[in-house]
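Down below is the structure, laid out as structure tokens.
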Amino acid sequence: MRDTEARPDWLTRGACRGEDPDLHFPVKDTNYAANVAKAKALCWNCPVLQDCFRYAMAAQEELGIWAGTTNADRIKMRAAAAAGQRAEMAVAS
Ligand code: SF4
């Protein structure tokens, strides 16, 4: 989330509050995989995980780890959801 944007209330209760922002916006260096795993582990124990996930999916956040997902994870989830909706529509028609 960019600094100029309003932060949702639930974000103040996130497990990442007070953490180094680089944890959830890791640089793609040699430690990238380990840093992503560390950020995801923090998310899995977060009390606002579901709020965060809904936000990241709705906002189509392209950067950072949100609700234990990378942007690549979220792209796959959106594609799977869209495929599921198309399948439901095909069955219903
Ligand atoms: S789920 Fe992760 S990114 Fe979202 S508020 Fe919690 S710790 Fe932060």
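Glycine is treated like the rest: Cβ placed from N, Cα and C.
Now, the feature entries from TrEMBL:
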type	residues	note
DOMAIN	15-76	domain '4Fe-4S Wbl-type'
BINDING	Cys16, Cys43, Cys46, Cys52	[4Fe-4S] cluster binding site
Original post:
Which numbers of helix, strand and coil residues does DSSP report for the domain '4Fe-4S Wbl-type' (15-76)?
Top reply: 33 helix, 2 strand, 27 coil
Original post:
Across all chains shown, how many C-beta atoms besides its own are within 10 angstroms of the C-beta of Cys16 ([4Fe-4S] cluster binding site)?
Top reply: 19
Subject >> For the domain '4Fe-4S Wbl-type' (15-76), the mean pLDDT of the predicted model >> reply: 95
Subject >> Site with most surrounding Cβ atoms, counting all protein chains shown within 10 Å, from the binding-site residues Cys43, Cys46, Cys52 >> reply: Cys52
**OP:** Give the sequence-ordered set of same-chain residues, not counting Cys16, Cys43, Cys46, Cys52, with Cβ within 8 Å of the centre of the Cβ atoms defining the [4Fe-4S] cluster site.
**Re:** Gly14, Ala15, His24, Leu42, Val48, Leu49, Trp66, Ala67, Gly68
